[in-house]
Amino acid sequence: MTTRLKGIGAHAVLLFFAATALFPLALVLLNSVKTNTEIVRNPLALPSTFTFENFVTAWTYGEFGTGFLNSVLLTGTTVVVVLTCSTLAGYVLAGKKIRSWPVVMVYLTMAMTVPVQLFVFPLYSIVAAVDLLDNPMVVGVIIAAINIPFATFLMRTFFLNVPRELEEAAQVDGVSTAQFVWHVLLPIVRPGLITVGVVVGLNAWNEFLISATFLQDPDQQTVTLGFLSMNGTFSTELGAMMAGALILIAPVLAIFVALQRYVVDGIASGSVKG
Amino acid sequence: MTVTAVRPTTTPAPARRPARFRRRRTLINHLLIAPALLLSVGIVVIPGLLTAFTAFTDWSGVGLDANLVGLRNFREILADPVFGTALENNLRWVAMFLTIPAVLGLLTAWLLLRRRRTRTFYQVVYLMPYVLSPVVNALIWLSIIYNPNGGLVGTLNDIGLPVSAPLSSLTGAFYAAAAVDMWHYWGFLTVIYLGAMRQTPVDQVEAAIMDGADSWQVFRNVYLPSIRPALLLMAVMTVIFSFLAFDYIYLLTQGGPAHSSEVLGTYAYAFAFSAFQFGKASAVALVMSFFGLIASCVYTWMSRKQDD
């Protein structure tokens, strides 16, 4: 009986924290279809009428069309650059294929802890000097450079699972490198590629400090920055703000839920190195 | 490593070939690792070293016109009372983030450990705020919760609870911003701690239960020591990131009202992009990174001591 009670108590605690996590998001959903007067009267009340005007307002004034395009461009650049660089480097490091591999490992550990604020000010001046500000792809490459050390470590652990005999046997049997990579290596490290891709992709999509600093031109801003610019003019239009928030939340949560296994595994494995 | 070592009969090539072959392989391997290193060095390390240099100059951030000014930037920020407030707030940030999210993370991870069926569901829900952008999270809290006109705070006022608007309060603004960051962050720790707890050897847990340990004792004496490396790593990461805190403060309070919620991150940013004093901004950035460096050193020292 007591164990049963304990079980109920545990579930109550877990549910309480789930509610804490979801409550602000539920408020967004609830108020995105309400008129402003209705929200000001009571943000907790259910909508009496559904209005979808808020979504049109948010999409137009937040410039979400160009914003989404720029965000996709930025995130795509980051993911492609990180996957390419970290896969190649992770492969070399896992096989200890260069003599200086321990030095590289130490370097990457240190690079991982370098804070953004330590390099962002001179980097801004350099990028401004070569006239590359207001370019989402440039920001994508910068964010990629920040994520490369962690992604390389993750890819390395996946390559460590590839038995060395496999590569040697393939060489002996005259399998071409391309065939070996495509048919043997790729299937083994695919979960790693997805994990790195989705974690790094979320990092790039959500990044604020660098994007806000390097992308000042409204036509080059990411969708989150477009939403932020709405805050000044629409801070009294709560319905439009909530609709804008919902437009930004929905795709991210959809991708997260679809790929949750990889995100959770990525987070859980990344820390349990020691 | 060479093929000859495995099956000598299949490599009839002359003895010189493996050496040349190996040299070519080495070159290729260096080329494979080069892009990762070049990007990291060029974008992170070289500008990072430049910061360490510009902290001792009066550089405005534009052009190459900079003069060495010795320790003047450091003297000036130390004399600025806002620097003191910012540093104090960073220390408060460390204290809050080392305790509140860690306790929530440990509690929920411990409760999820034996719930195989609902574990995934709860982890996904707890991570939802974590995967959303700081901009979105901050604006949600700003407009529908902290807002005295139409937000939850306004509703509380309407029903007679005299709650002042948190973000315009001199004492409350800092904690209001920290609360949003913690709301978004603690689920991450749940996943980390649960992942670490699941690595605990089953026989240790069973042995403790056989010895008559209750569930608190099992947690205290088996799981907690077993996840020590993860706890330690997260604590160090928390300290490092607490000195770099920027997003939520900048988005919710801009360091205000009257610099009361300023942290070193927003303080440095204002020097660079409002006052165009890149030298001073670099000096503050150097101070912030220094605290992180101390945390990393302590971590390295502690984990080495553990290995002995």
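Note that Cβ sites are derived from N, Cα and C of the backbone, with glycine treated the same way.
Beyond its flanks by at least six residues, the transmembrane segment (A:12-33) meets 39, 43-44, 46-47, 50-52, 54-55, 238-239, 242-243, 245-246, 249 of its own chain at Cβ-Cβ distances under 8 Å. Summarising the annotation, TrEMBL assigns transmembrane segment to A:12-33 (among others).
Residues annotated as domain 'ABC transmembrane type-1' in TrEMBL: A:68-259.
Sequence annotations record features per position, and here TrEMBL assigns transmembrane segment to A:72-94 (among others). Counting residues 6+ beyond its ends, the transmembrane segment (A:72-94) has Cβ neighbours under 8 Å at 101, 104-105, 136-137, 139-141, 143-144, 147-148, 151-160, 162, 185, 189, 193, 196-197, 200-201, 203-205, 211, 222 in the same chain.
The transmembrane segment annotation in TrEMBL covers A:106-130 (among others).
The annotation transmembrane segment is assigned in TrEMBL to A:136-159 (among others).
Per TrEMBL, transmembrane segment is recorded for A:180-205 (among others). Residues 71, 74-75, 78-79, 82-83, 86-87, 91, 140, 143-144, 147, 151, 154-155, 157-159, 161-162, 166-167, 170, 222, 224, 252, 255-256, 259, 262-263, 265-267 of the same chain sit 6 or more residues outside the transmembrane segment (A:180-205) yet have a Cβ under 8 Å from a Cβ within it.
Long-range Cβ contacts of the transmembrane segment (A:238-259) within its own chain (Cβ-Cβ under 8 Å, at least 6 residues beyond either end) map to 25, 27-29, 31-36, 39-40, 43, 51, 53-55, 57-59, 61-62, 64, 194, 198, 202, 205-206, 223-224, 227, 230-231. Look at TrEMBL and you will find A:238-259 (among others) tagged as transmembrane segment.
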